[in-house]
Every structure is written in structure tokens, then in C-alpha cells.
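Structure first, then comments.
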Amino acid sequence: MNSIKSHILRSSKRYISASSKRLAEVEVTVDGRKVSIEAGSSIIQAAELAGVTIPRYCYHDKLAIAGNCRMCLVDVERMPKLIASCAMPVQNGMVVHTDSERIKKAREGVTEMLLENHPLDCPVCDQGGECDLQEQSQRYGSDRGRFHEVVGKRAVENKAIGPLVKTSMNRCIHCTRCVRFMNDVAGAPEFGTAGRGNDMQIGTYIERNINSEMSGNIIDLCPVGALTSKPYAFRARPWELKRTETIDVLDAVGSNIRVDTRGIEVMRVLPRLNDDVNEEWISDKTRFACDGLKTQRLTTPLIRNGDKFETATWDEALSTIAAAYSKINPQNGELKAIAGALVDAESLVSLKDLVNKLGSENVTTDVKQSVNAHGFDIRSNYIFNSTIDGIEDADQILLVGTNPRFEAAVLNTRIRKVWLRSNLEISSVGQDFNSTFDVTNLGEDAKALESALQGSVGEKLGQAKKPLIIVGSGVAESKDSEAIYKLVGEFASKHENFNSGEWNGVNLLHREASRVAALDLGFNTLVEDSTKAKFIYLLGADEITNKDIPKDAFVVYQGHHGDLGASFADVILPGSAYTEKSGTYVNTEGRVQATRAATNPPGVAREDWKIIRALSEYLNAKLPYDDIYSVRLRLGEIAPHLVRHDVIEPVSQEIAKIGFNDLVNKNKSATIFEEPLKNPIDNFYFTDVISRSSPTMAKCISTFGAKIEKVKDEKPDINF
């Protein structure tokens with residue numbers, strides 16, 4: 001069985017593998033416009049470079065070529081027949097015509113054949129208004145049909161594939177985009193074709209749910225209305241929606257998204273193209289958890305009265321906090337601020353400045369991590385240095401204490417992409433997981449990592465041109481965090497290929513959107529655990545427990561959802577979610593990006609930094625900024641790169657080398673406890689207050705279960 005899998009695996013690599021990049025360019029003429037393009041490119045790519053749009057259904061520049069819709073036919077001089085432009089590589093001197101009468105007739109024929117069996121569902125189809133078939137039919141379709149089959153049009157039973165994707169298979173035109181995406185990109189080969197010709201159907205063959213955290217992308221890829229969003233079904237038309245370009249903050253990748261709203265309600269979330277970050281994909285949590293923005297929201301200030309909360313005005317709530325602070329009069333570290341996963345940089349710096357102005361340095365995040373293991377003095381020690389896009393250049397990868405499929409689903413597709421297209425070898429140390437690529441597990445603890453780096457894996461990493469070590473954020477939560485960072489630092493400092501020119505092969509994969517900005521701003525001041533906090537300020541902090549909150553402490557919770565953190569509070573202040581404010585975030589690779597307000601916050605909720613600024617006056621510690629621009633100037637004072645958006649601040653080779661040595665020196669006294677590393681996320685669909693409040697994510701839990709794990713003794717499941 002294993003040999004069969006290995007044979008199929010090798011075959012799939014040969015099938016998917018792309019030829020190496022050619023520097024040579026050829027000159028092509030498209031509709032009279034001469035363009036130079038890389039040899040090996042297709043005619044349709046040359047046409048796009050020339051500014052000519054060729055209609056297509058099956059072609060997608062992020063998927064393998066299929067060439068089965070024939071809509072992209074073009075006329076090439078000295079060729080007897082029309083050519084499918086998506087599948088034909090360019091040749092030097094080629095002359096292409098894309099809009100002749102001959103081509104128009106061919107496209108009209110293709111359109112007529114597609115519409116032959118297509119139902120007239122446009123009035124009730126969710127794809128209406130943004131449907132490729134609808135648009136091309138207006139240009140190439142006829143006002144009447146010639147189909148007179150006695151038995152009527154083809155009828156196909158709809159497939160039940162889960163709570164996220166709604167199927168209307170009568171509309172399917174067999175472009176196979178969904179099949180190629182699920183097999184090649186998502187790594188979940190559950191979609192395929194059965195039958196031939198008019199009898200061909202697309203589905204799962206044996207009826208089952210699509211179990212992938214990237215399945216929603218087939219909705220965007222479908223050029224007709226065969227696959228649509230089940231939670232969004234029949235809720236709105238595209239021309240009714242206001243579109244806002246922003247970013248996702250439900251993980252640390254920072255996927256570029258578009259938020260569509262109607263009134264104050266977020267109707268849907270779609271991906272935006274950014275080849276450096278998420279290409280054209282987003283995870284199902286990013287796409288479908290937006291209904292959590294409507295439930296369990298905090299809309300007005302609340303003050304605890306016994307076992308109940310009572311509504312209050314802003315003045316009453318802030319006055320109550322000021323009175324409690326004055327009564328407690330916390331000294332030094334007795335005032336503590338804890339920030340959560342979704343907090344923007346402006347709010348972090350505002351809270352830090354307020355706490356510092358009140359005489360305390362006790363600021364931290366809500367995930368118990370040993371920051372001292374990697375520190376926050378040298379930035380290259382806590383970001384993803386190779387960059388997300390740089391993963392495609394890697395030729396050897398070692399994963400340490402991470403499951404990228406859950407922690408960064410979009411980044412995981414990059415690893416699979418390069419694994420399919422090359423002879424990339426991937427090893428892991430830590431808890432085993434159901435990967436979408438072939439990975440060799442070397443053990444579960446720091447001792448296994450030590451052995452791996454001293455053995456054949458270490459030898460391969462040392463000989464690789466661009467090696468990659470990815471350390472998961474969960475490592476900092478283990479007893480062996482210091483020992484692991486010491487081992488990684490020692491190994492990297494001994495091998496020049498880990499720090500050569502623009503390449504730094506040591507990477508930390510975060511899972512929280514606020515984490516890198518918090519480290520950049522120093523929002524992790526180390527205060528002795530013996531210091532008992534008497535006044536605690538929770539800023540969107542919901543990953544805390546009873547042990548983190550002393551019984552006699554006064555607690556203020558500021559956030560946008562009534563989750564765990566709010567249950568500890570004496571006073572609750574309603575803040576804004578990421579779709580309701582303009583905020584700065586830094587993703588795991590150190591790229592600074594910003595959210596934009598797509599709608600207004602509900603009730604009397606306000607932006608977080610404004611709440612903190614107002615509170616500072618009540619506490620007689622007025623902060624020196626009155627608008628968002630002043631706050632961002634303050635960000636620039638502390639960390640200048642935080643005001644330069646969509647760029648990654650480069651770390652010099654010399655600084656990176658100092659960083660490796662710092663990992664060793666900082667942890668030189670570390671001992672190995674041999675505690676097994678655990679993946680920090682075992683429930684992909686419930687990782688933050690928004691997803692935990694989402695009815696759609698709850699349905700996913702009900703359908704798929706909390707975990708997508710395999711049996712320990714089973715051979716790793718290879719998807720190809």
C-alpha cells in the first residue's frame with residue numbers, strides 16, 4: 001500500500017510540476033499590439049499583458065490548465081484551426097487575433113452548447129449580477145434556442161457537501177475549476193468527475209461533506225451559479241452592497257479581503273488579490289465567521305451589580321472606573337493591562353501609554369508565552385523572516401511545534417504549492433497532524449529536535465540553498481521553549497545558508513493578529529509573577545482563566561463581544577470590531593497593513609483607542625492625542641516601520657546574525673524537560689470571539705467535529 005501511495009505521489013508531482021523559470025523573452029503580436037513575454041507563457045497571458053481580455057470559463061491563472069471550455073479560442077496566423085489560448089504557449093513572432101468574425105462565430109457556438117442544458121435560473125440565482133456565463137451570454141448568446149430534445153434538459157441531483165457550500169448542479173458547465181482547486185491547492189481531493197460527455201457529473205462520488213478549511217474558495221472560482229455560499233443564500237444582490245477593501249484579523253496571515261455591507265450589516269467577506277500574502281484565497285473561517293459580528297455584541301457600557309450587569313452611560317461607566325482606581329490606588333505592577341488577539345496597534349500603544357503614565361509597566365497579552373525565549377529586542381527573532389511568498393523558494397523545511405493547516409491555512413497552501421512543484425522535503429517535530437503534504441514526523445519534544453538537527457535532517461538543512469525552519473507560536477507556551485530556541489539559534493548561527501543576503505531561514509509563525517505589533521511596541525514588559533494585580537484592564541482579552549484574575553481585583557473589560565473576558569469584569573466598555581474601525585495590524589512576516597471601517601459599530605460602542613483616550617481624562621492622566629493621526633505619529637515614534645504600510649522592514653544580515661547569537665545567549669542555561677509539544681489549535685473553527693459567536697462556525701463544529709485529526713498510529717494521510 002505504501003509503495004502504491006509513493007508511486008501516485010511521484011506521478012502527481014510530475015503532473016503538477018512547473019518548468020523552471022526562463023529568463024528568455026519572446027515577442028508576440030496580439031491584435032496589432034507587440035508585447036514581450038517570458039517564453040513558455042500562454043497566449044491568454046500575452047493577451048492580458050497587451051491589455052486584451054479573452055473570455056474564459058475554465059482558465060484561472062492560479063490553477064492548472066484544463067482547456068476544456070473552448071471559450072478562449074483565438075486565431076493564430078499560419079495555423080489552420082482556432083487555438084485554445086489558455087493551453088497554447090507563445091512562440092517568437094507569433095501573430096494572434098482575438099476578435100475576428102471567425103472567432104465570434106466559434107464563441108457563439110460554444111455559448112449555445114453551454115446554454116443548451118443550462119436552466120433559466122438567473123432571477124433566483126445568487127450568482128446573478130456577477131456571473132461569467134451571464135455576461136458572456138449577453139455578448140455571444142442568441143435571443144432564442146434551437147434545443148428541442150423530447151426528454152428535456154439535463155437534470156442533475158444537487159450534492160450535499162456541507163454547511164458552507166450550496167450546490168445547484170443543473171447549472172454546472174464542467175469547467176472543473178472546483179476539482180482542480182480542491183486537489184491542487186486545498187489538498188483535499190474529495191471533488192472529482194464521474195461519467196462522460198452529457199452524463200458527466202461533478203461531486204464527491206460517495207456522498208460526503210467537503211472537509212477542508214479552504215473549501216469556500218470554490219464559490220469564487222465557480223463561473224456560474226453551481227456553487228454558491230449557503231449562509232449568504234438569497235440574502236442580497238451584489239448591486240445592493242457597499243464594498244470595502246480591508247484585511248482579515250482572525251489569524252496572523254493578514255489576508256487581504258473585501259467586506260460587503262448593506263446598511264450596518266456585514267453580508268459577506270470575499271478575498272482580494274495579493275500575491276505576496278494570500279494570493280486569491282482565504283480560509284473558511286475568514287469567509288464565513290462574519291455572521292459572528294451580529295451576535296453576542298456589546299452595545300452599551302455595563303456595570304456589575306451583584307451577579308448581574310446593569311446598563312450605564314459612558315460617563316457613569318468611566319466615573320465608576322476612576323472611583324475604583326482612586327480607592328485601590330495600585331502601586332507599580334499592581335495595575336495590569338492584558339491585550340487580546342484582535343487588538344489593533346493604535347489601541348495597544350494607547351493602553352500602554354496610559355498604564356505607563358499611571359506608574360506601571362505591567363502589560364502583557366492573554367496567551368501565556370515565554371517571551372524571554374525569543375525576546376523582543378531583535379525583530380528577526382519573532383517574525384516570519386523568509387516571508388510568506390518566500391516559502392515558494394524553499395528547498396528544505398522543518399516544522400517545529402506547529403500545524404500550519406490550522407494556525408495559518410492560507411500559508412499552508414503555499415507549502416503545499418512548492419511541495420507539489422519540486423522535490424521539497426518536509427519534516428516536523430511536535431504533535432502529529434493531518435497534513436496536506438508529505439511530512440516526516442521526527443518526534444514530539446525538544447530532545448527529538450536536538451537529535452534531528454544533529455542527524456540527517458540537520459545535514460540536509462545545512463546543505464540546502466534556502467532552508468526553512470518554522471517555529472510555531474505554541475512553542476513559547478511549552479516548558480522547553482528556551483531550549484528549543486537555543487537549539488534553533490545554535491544551528492542557524494553555524495550554517496551560513498540560514499542568513500545569506502536577503503534570505504533568513506529562521507521563522508516564527510504567529511497565530512494572533514495583534515502579536516507582532518505587541519512585540520514591536522514592547523507590550524510584553526516582564527513583571528515578577530509575585531506581584532499581585534489589584535486593578536486589571538482587559539483589552540479584548542478572552543483567552544484568560546480564573547487563575548489569571550485575583551478574586552479581589554477590580555476588572556475592566558473593553559471589547560466587542562460578550563465572551564469569557566467580559567464574565568470577569570466589574571465594568572464593561574463596548575469597543576469596535578475590525579470591520580468597524582481603521583486600525584493598524586502587523587502580520588506574522590512583519591508586514592504592516594490596515595483595516596478600514598466597512599460599517600459603524602452597534603449601539604454606543606466606540607473605537608478602542610478613543611475609549612482609552614476618554615478614560616485617561618477621568619484618571620487625571622490625559623493622553624496627548626486627540627485624533628487617529630496623532631496616535632499613529634506616536635506609533636512612528638516607538639517603531640517607525642509601523643507607519644509604512646504594505647512593506648516589510650528589512651533586517652540586515654549583521655542584525656540577523658546578532659539575533660541568532662541572542663537566542664543562544666539568552667537561553668544558554670536552558671534545560672530540556674522533554675515535554676511533548678502540542679499544537680496550540682485543535683479546533684480550527686473556534687479560535688477567537690468572533691468565530692465563537694458565529695452560528696455558521698457552530699454548524700461546522702457540529703458537522704466536522706472540533707478536531708480534524710488522524711489516528712496516531714496511522715500513516716500520515718497524503719492528499720494529492
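Cβ coordinates come from backbone N, Cα and C, glycine included.
The shown structure was predicted, so the numbers you read here are calculated from the model rather than taken from an experiment.
Annotation comment: Swiss-Prot describes CYS58, CYS69, CYS72, CYS86 as [2Fe-2S] cluster binding site, evidence class sequence analysis. CYS58 ([2Fe-2S] cluster binding site) falls outside any helix or strand according to DSSP and counts as coil.
The domain '2Fe-2S ferredoxin-type' annotation in Swiss-Prot covers 24-102, and the record cites sequence analysis as its basis.
Residues annotated as domain '4Fe-4S His(Cys)3-ligated-type' in Swiss-Prot, with sequence analysis given as evidence: 102-141. Remark: secondary structure over the domain '4Fe-4S His(Cys)3-ligated-type' (102-141) totals 27 helix, 0 strand, 13 coil, with classes taken from DSSP.
According to Swiss-Prot, the feature domain '4Fe-4S Mo/W bis-MGD-type' maps to 241-297.
What Swiss-Prot records for 1-23 is transit peptide, and it gives sequence analysis as the kind of evidence.
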Neighbour tally for CYS58 ([2Fe-2S] cluster binding site), based on other Cβ positions within 10 Å of its Cβ: 23
Nonlocal neighbours by CB distance (under 8 Å) for CYS69 ([2Fe-2S] cluster binding site), same chain, sequence gap 6 or more: ARG56, TYR57, CYS58, TYR59, VAL110, ILE173, CYS175
Remaining residues near the recorded [2Fe-2S] cluster site, that is with C-beta within 8 Å of the centroid of the site residues CYS58, CYS69, CYS72, CYS86: ILE44, ARG56, TYR57, TYR59, ALA66, GLY67, ASN68, ARG70, MET71, ALA84, SER85, ALA87, CYS175
In three-state DSSP terms, the structure that CYS86 ([2Fe-2S] cluster binding site) belongs to: coil
